[in-house]
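Colleague: Feature table excerpt (TrEMBL):
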DOMAIN    43-294  domain 'G-protein coupled receptors family 1 profile'
TRANSMEM  27-51  transmembrane segment
TRANSMEM  63-89  transmembrane segment
TRANSMEM  101-122  transmembrane segment
TRANSMEM  142-165  transmembrane segment
TRANSMEM  243-263  transmembrane segment
TRANSMEM  275-296  transmembrane segment
Amino acid sequence: MSSPNRTESSPLTLILTGIPGLPMSSYWMALPLCCLYLLMLLGNCTVLWVIKTDHSLHTPMYSFLSMLAVADLGLSLSTLPTVLAIFWFEATSLRFEACIVQMYFIHSFSAIESGVLVAMAFDRFVAICHPLHYASVLTSSLVMKLGGVIFTRGLCVVLPVAILIKEMPFCRSHVLSHSFCLHQDMLRLVCGDVRVNSVYGLTAVILTKGLDSLTILLSYVMILRTILTIVSQEARAKAFSTCISHLCAVLIFYIPLIGLSLIHRFGKHLPPLTHTLLADAYLLVPPVLNALVYSWKTKQIRRRLLILLGQR
């Protein structure tokens, strides 16, 4: 099925939206966003560099943390071109094909991050519930295989979404609700039958982030049961403290995701600003906060950073 308004002479162009109520070219928004992206790049690249250069950090937990940093970098860099183009240059037009590519990478890296959080929950489960078997279970070979499965799943599960929406006709308004392309937002502009797209999109979310969140929840139920059986209060607190960074990353990622999914399906009566802020929080905040939380809460990384700063 091809769109009646998508021809060789007039390619389909979608219009991105900034923040409702603010002018497109707003330095009050452009400067903070630039700072946010710079902080994200600096934080995640620093985490990757510290883990790569410090051989004591070449363990499964830090391998998963490296994967999380890569997913965060991919997620942020997927949104960076259009977000900064809107607020710096008022460049709101985006070719349909470019929008599909951006949508694909946003949702792919989001699925990858969700998978990495599951792997990190598994790491904490083995470390706390079966500490004597940690080295034999989480071998470097298993970590590499898990990483390959996580990235392959994230890249493959979103591919049908991009293929399906590419063949749909866009006959209504071409104005999107955000400063980047999301599947639910693009689907809103389609004038054909979107049942297949909607069903597959919902199924993909349930089979990835839905199952991932349930797996993480189950892991922490078992972790909590194990921690409560520890007699020493000090040992109990120490065991729980090793999970704090991961719990923060899970909450930072899933709370905006759940909120965004709910308002896309049930909150059409809410003001546009609500949709925009939740989408921005979902895509821009986790990559920044994850790097800050892990840099501060992980003693080895914090110590290495303090040594580097002291040398300078």
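Placement of Cβ uses the backbone N, Cα and C atoms for every residue, glycine included.
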Colleague: What average pLDDT is reported by the model for the domain 'G-protein coupled receptors family 1 profile' (43-294)?
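Modeller: Mean model confidence (pLDDT) across the domain 'G-protein coupled receptors family 1 profile' (43-294) is 89.
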Colleague: Excluding the flanking five residues on each side, which residues at least 6 beyond the ends of the transmembrane segment (142-165) place their CB within less than 8 Å of a CB in that stretch?
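Modeller: The answer is 60, 63-64, 67, 100-101, 103-104, 107-112, 115-116, 118-119, 183, 186-187, 190, 196-197, 200-201, 204, 207-208.
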